[in-house]
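Taken verbatim from Swiss-Prot:
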COMPBIAS  1-18  compositional bias 'Low complexity'
COMPBIAS  27-36  compositional bias 'Polar residues'
COMPBIAS  57-119  compositional bias 'Acidic residues'
COMPBIAS  150-172  compositional bias 'Acidic residues'
COMPBIAS  175-184  compositional bias 'Low complexity'
REGION    1-229  region 'Disordered'
REGION    679-698  region 'Disordered'
REPEAT    604-644  repeat 'WD 2'
REPEAT    762-800  repeat 'WD 3'
REPEAT    803-842  repeat 'WD 4'
REPEAT    846-885  repeat 'WD 5'
REPEAT    901-932  repeat 'WD 6'
Amino acid sequence: MVRPSSSSSASASAARSGAAKRKRNLPTATNPTTRASVAANVKGKGKTKALELDLVVSDDGEEDGELDLESDSGDDDANDDDDNDNEQDDFPEIDLEDSDDDQDVEDEDEPGAQEEVDSDNNKQASTQVHDIQVEEDDSSEEGYNSSDIDNSDFDDDADEGDLAYDSADEDERASAFAARSDASQTSIDEELSRMMSRYSSKPDEHSGSLSATNKLGIPRSQAAQAFDLRVRNPDGSAKGVFKRSEITGEMKRVYPEIDAAYDSDSSTEDPENRIGNVPLEWYDDLPHIGYDINGRKVMKPATKDELDKFLDTVDGDGEAWFSARDKSTGKDVRLSDEELAIIRKLQNAEIPDDAYDPYEDYVDWFTGEDKVMQTALSGRPEPKSRFVPSKWEHKKVMKIVRAIREGRIVPGAAANKDAKPKFYNIWADAHENDTRSPWAVMAAPKLALPGHAESYNPPAEYLFNEQEQKEWQEAEAEDRKQNFLPTKHDSLRRVGAYQNFVQERFERCLDLYLAPRMMRKKLDIHNPENLLPKLPSPKELRPFPITTSVVYVHPDGGRVRCLSVDPTGNWLVTGGDDGRARLWDVAIGRCTASWDVCEGMPKAERSAVHSIAWCPTKNYSLFTAVVHGRVAVIAPPQTQNYAKTSANAISSKSASSSSGATATSTASFLYATSAAATSMPSKPDARSPVAWTRPSEAERRTGVAMHLNITSPSAANLKTVVWHNKGDYFATVCPDSAAGSAGLLIHQLSKHRSQSPFRKASKGSSIQKLVFHPTKPWIFVATQRYIRIYDLMAQSLIKTLQSGFKWISTLDVHPSGDHLMVGSYDKKLAWFDLDLSARPYKVLKYHARAIRSVHFSTSWNLVADASDDGTLQLFYAKVGADYGENLTLVPLKVLRGHEVKNGLGVLDVKWHPNQPWLFSAGADGNALLWTT
C-alpha cells in the first residue's frame, strides 16, 4: 500500500470536504445509475479513510479510466505538469451527471481501490462543479431536510435551499486552499473572486428561498402583514379623509369603518337577547323573544317541526347531531369540539376536567411523622360509591324510558297543550293549592300528665275526708271530678295494682278510634300589630268634618231630640223637649221661626218632639214633626223662595206676585192641602187609626198645613217619622208592643190616606225603626233583635237579617241600597252586606254607651254615629262598584263637643246633603254644625 504525501493528503482532505459540501447541494438526480453509484459510495465510505480519491476530468468531459498510484517523489513532477496545462488551456466544462455516473461505476467495479490524481486538476474540477451548482441553485425553489444532512454525507433528497456556507467551512476551505503548495496565483485569485462575489452579491428579493422569513426570522405567512403608510398612521390606525358634511356644510374628518375581527375587542360576542334570566314562557304568545341592547325586538326565528328535525339528522350534513337549541335566541348553535368532548366524557362516566387528578396521593390523617391525630369528618377522601353510577338512578331512568316507549309519557306534550278556553272554571285548580296530603294522619292527642293527687304520697290537702269520699262514691261516674280516690302510701313498693287500668286503656282506644280530630294551626306571631289590617291614613281620606263651626242654642237648655236638613242645605229644623219645632238658618245660626206642635192638646198629653223629617224632594219645602198622638205637616213660608214650584200644583192664586203671597198660598202649602176637599170624608171613620184634620187658622197662617191624629190609644206613642224618596209617602212608627198592626202606618200626602201594611201583627212584636229603600219598593223594619226586609209591591218577606244585638236602636241604608248600618243600645255598630250574608259583615264597638243614631252621607263616602257617651264617630265607608271589591271601612275621627246630662249624650246626627258637614243634636240643649 502506497502512503500519500502530506501535501496531497491536505489537498485531498480539503477537496473531500468541499466535495461533500457540494454533493449535498446537488439536485436530486433522475438517472438511476447516479442513485446507484451514490448509494455505493455511501456504503463504501468506511473503506475510503486511508486514501483520497480525486477524479481528473479530461477536456472532452469524460473521466480517466485508469487509477494511478503515485509516490511522494512523483508529486512535484505532476504538479509542474498541471501548472503548465492550466496556463495553456482553459478550465474544461464538466458534465455533472456523466462524471457522477462514471465515478459510481468505477467504485462499484473496484470497491476499495483508491488512486491519487493531480491535485490542481482536481481543484479546478471541484471549483467548476461548485460554480455550476450555484447557478442551478439560484433558479431552484426547493428546500432541504436538515435531518437528512445530519444523518449522511451524501443525500439524494437534498434541496437547493442550502446556498449559504457556514463560516467555519469557508475558513477551512480557504486555509486548505492556501496551504496547497501547487496552487497557482491564478487559481487563488479566481477562488477569492468567487468568495467575494458570493458575499457581496445582492440577494434576490423575489426568490422564495430568501423571502420566506422576515427580519425577525418569522415566516411571512405567520407574521403580521405590513401596512401601507400612505393610508395608515405609524401606530397602525387608519388615516382620516377630509370631506364636506352634507348636514352642516363644514369640512370634517371621516375615518373608514372598522371591521371588527373575531379576536377584536368588540361586542359581537355579547348575547343578542338582553332580557336576562327570566322565564321565556312570557314570550310564548308574542312574535318576539326579547330585546337587544338598543331596545329593539328580537324576533323569533323560524322553527322546525319534528319532521324537519328528523330529515336534518338523516339527509343533512350531519350538523344536526352536533347542535343544540339556544333558549335565549331560539336558534340551533353548533357545539364546539371542546363541548362535544365534555359530553362524550359524561356519557362514558369519565371526568370532564382533564386537569383533575382522581388518583392524587393519599393523605394519611392519623399516622406519620409530624402528624397530629384528628378527625376526618371534613377532609376524608371521597368514597368510591360517589364515582360509580347509581343503580337506583338507573332504575328510575329506565322506568321513565319504558313509560315513553309504552306511550304513557309523551315527550313535548306539555308544549302542545291546548290554550285555556275563554270561559273556564276559576275554581278548577283549587285542590292544587291544598298543601295537606289526603293520607296525612293527625297525631293522637297526648294524655294529661299526672298531678299531685295521683302521687303515691300526695299532700294532705289532696286526700279526701270521709264526707268527700262518701259524696264521691255516691256520685255518677260522669259527674265525678276525677275517676280515682287519692291514696297515701308509705313507700313506692307498697303501691298495689291499679284496678281501673284495663278500663282506662279501653276507653283511650275508643277515643282514638271514634272521636273526631281537628288540627289547629298555631300562629307564630311576634308582633301583634301585624294582625291588624293595613288601613290608609286619614289624611288621605279628606275632606271630613273636624271642628265646630256653628252652635244652634235652644232656650232654657232643653234637650234637642231630633233634627233634619232641607234638600237645599240652607235650612235646619230641630225638635226639642218643649214640644216646639224650630227653623234655623244654617249659615248664621239664627232661629227664623218656631212652631208649637202640641198646640191645642191637653197639658197632660203634651210631649217632646220625638222625630222630625224634611221632605226629600226639592219641588216642595215642607217637613213633618211627631209628638205624642199627632203628626204635623208644616210648610214654612220662610223657605218657599228656595223651593222649586210645580206648574200643576200652583194655583192661580199662588202664581200671583210674591208681595201679596201668604203662608197658605205657597206651593208647598197647597200641595199638602190639595186633597183635603176631595179625599177627606165628611165623617171620620171610627175604624181608621188615623184622622186627617185641618189645623186652626192661626196655625195655618204660620205654615201648619195638616194634622194627623192617631185615634188608637195603643199606637199613640209615636217615635219615628220617615219620608220616601219621592216625597209623597211617609211612615210613622210606634214602638209599643200593644200597638199591633197600627205600630207601622204609611201615609200618602197627596191623597190624605193612611194604611197599615201589616193586617196582623204577632203578639209582643215591637217595631223600633223603619227606613225606605232608596230605589226599590222595599222597607227595612227593625225589631228588637232582627231586621226584616219586605217588598211592598209583592207584599212578601224578602230576607231576615240577624244582628246578634240585644236591642236595636237605629238603622240607616246606604244610598246604593245594598248595605245597611245598624246601631244598638248595647254599644255596638254592625255593617250588613245584603248581597253577602244575613249576618253582619263587620261589627264595631268603639263607644262606651248606647248608640242613638247613625246616618250615611248621600254625597260623600262618609258615615257617622252618635252615642250617649257624648261623642260622634266618623268612618270612611267606600263600597266597591263590583262584587269582587271588598268594603273599605276606616275610622277617621272622634268628635267631642256635647256634654252628657242625665246619662244622655248626642241624640241625633244628620249629614249635609251637598257638603261634608255634619249636624248633631245633644241633650245639653245645643245643635252643632261640624265642618272641615
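Glycine too: its Cβ is placed from the backbone N, Cα and C atoms.
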*Same chain, outside the repeat 'WD 3' (762-800) by at least 6, Cβ under 8 Å from its Cβ: which residues?*
720, 722-725, 729, 731, 733-737, 739, 743-744, 806-813, 815-817, 820, 822, 832, 834, 838
*For the repeat 'WD 3' (762-800), jot down how many residues DSSP puts in helix, in strand and in coil.*
0 helix, 20 strand, 19 coil
*Determine how many residues of the repeat 'WD 6' (901-932) DSSP places in helix, in strand and in coil.*
0 helix, 19 strand, 13 coil
*Quick one: mean pLDDT on the repeat 'WD 6' (901-932)?*
94
*Could you break down the residues of the repeat 'WD 2' (604-644) into DSSP helix, strand and coil, giving a count for each?*
8 helix, 14 strand, 19 coil
